[in-house]
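Annotated L-serine binding site per Swiss-Prot: Thr233, Ala234, Glu235, Glu287, Ser387, in sequence order, evidence recorded as sequence analysis. Feature annotation from Swiss-Prot assigns ATP binding site to Arg264, Arg265, Glu266, Glu351, Ile352, Ser353, Ser354; the stated evidence is sequence analysis.
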Amino acid sequence: MIDIKLIRQNPDFVKEALRKRGEDPAIIDEILKIDADWRATITKTNELRSRRNEISKNVARLKKEGKNAEAEALIEEGKRLGEEIKALEEKEKELQKKLNDLLLMIPNIPHESVPVGEDESQNVEVRRWGEPREFDFTPLAHWDLGPAWGLMDFSRASKLSGSRFTVMYGKLARLERALINFMLDVHTKEHGYTEVWVPHLVKRETITITGQLPKFEEELYLAERDDLFLIPTAEVPLAALHSGEILEEKELPKKYVSYTPCYRREAGSYGKDVRGMIRQHQFDKVELVWVTTPERSFEDLEELVKDAETILRKLELPYRVVSLCTGDLGFTSAKTYDIEVWLPSYNAYKEISSCSNVTDFQARRGNMRYRRRSDGKLEYVHTLNGSGIAVGRALVAILENYQQPDGSVRVPEVLVPYTGFEVIP
């Protein structure tokens, strides 16, 4: 949620930010209109309360003086004021809800360093690492390799759950588990993250804090009986962990890592990446979340990206880093880097991690603040998030980039201590 003061003081700046994102800026005028009405209602209510308090004092005085008729007249006026105040209080609540509902629909303001563009075609490549492998044979896609070994089963997954699910057996199931443990070990032992085990079901308030609600409810799985949402990413419980809290500056930054399955309806992705494991309703991910100060959050974002890159470098998978343009930014993000791994089946780089600074956007929704060391003043924290990395896509990248002419796949050296084997199948 962006600061209402920013909209009041600089509406043209906010409108321009929305235009850069490809959003309609008309909502800002609607917000300003409701905000003006809301503040005028508060002013009127306070004036009437003041008058009612004055009447109460005068009634007591008049009764002491024996002026009962005058006192009764004021009592009647006080009753009328009470009814007016009650009506204004109801109006104030309604206007505040309308205002809040509209504010929840406004995306974050892009940082000045974000390239301006309409869509992903205008994202800017920042760097590359490694070279795509040149095969001296025709490489197979992961959706051909896995089933050929009898270790990846899409048909039984469909029988169990429908489309966009996968069953894996034996060495592939162990490779998935090995990747999870490897990533957690790197981030906790080398990068200084605290591992957190989080709930996979969260309250509506929690997932509103992190920005998935109210705008993207159709993308989420909802357990209606208890009004709990399956998490689309561990970012949700991690970023909301300190909601309603005041942290001390000396505690920051906090660096959290969590492995969870992630659940997404992918309602808007019909027809995209329909084969294989690239776009699933359920997938594994290791997530990185920082809670930090405004002064250092963009510097911290660069470090978070490098932490995610380390995983791909250790796996020796070629990748590139791109800075998302304004038109491709996620709803909550002020700045995002995508890390894309090379997949031979697509002959292209595909996203395997998205790392974002959401500034104080989630902190305002969740009232997450810290006390400054210098003067004791309370300020909103900044939160960052990033995949460190998507496990299923890492498995896919290994299968496709490490395959051999005989149809087998060599396991990356760093994973062998975790798998206990060097070749699949």
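These residue numbers are counts, starting from 1, taken along the chain as shown.
Placed from the backbone N, Cα and C atoms, the Cβ positions cover glycine too.
Structure coloured by features recorded in Swiss-Prot.
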{"residue": "Thr233", "record": "L-serine binding site", "Cβ within 10 Å": "23"}
{"residue": "Glu235", "record": "L-serine binding site", "Cβ within 10 Å": "31"}
{"residue": "Arg264", "record": "ATP binding site", "Cβ within 10 Å": "20"}
{"residue": "Arg265", "record": "ATP binding site", "Cβ within 10 Å": "17"}
{"residue": "Glu266", "record": "ATP binding site", "Cβ within 10 Å": "15"}
{"residue": "Glu287", "record": "L-serine binding site", "Cβ within 10 Å": "28"}
{"residue": "Glu351", "record": "ATP binding site", "Cβ within 10 Å": "16"}
{"residue": "Ile352", "record": "ATP binding site", "Cβ within 10 Å": "26"}
{"residue": "Ser353", "record": "ATP binding site", "Cβ within 10 Å": "29"}
{"residue": "Ser387", "record": "L-serine binding site", "Cβ within 10 Å": "26"}
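Other C-beta atoms found within 10 angstroms of the C-beta of Ser354 (ATP binding site) number 21, with every protein chain shown included. Nearest by CA distance to Glu235 (L-serine binding site), out of the binding-site residues Glu266, Glu351, Ile352, Ser354, is Ser354. The Cβ of Ala234 (L-serine binding site) lies under 8 Å from the Cβ of Val198, Ser258, Tyr259, Thr260, Cys262, Lys285, Glu287, Val289, each of these being in the same chain and 6 or more residues away along the sequence. Taking CA atoms as the reference points, Ser387 (L-serine binding site) and Arg264 (ATP binding site) are 15 Å apart. It is 12 Å from the Cα atom of Ser353 (ATP binding site) to that of Thr233 (L-serine binding site). Under the three-state DSSP scheme, Glu235 (L-serine binding site) falls in the helix class. Only Arg264, of the binding-site residues Arg264, Glu266, Ile352, Ser354, have a C-alpha within 10 angstroms of the C-alpha of Thr233 (L-serine binding site).
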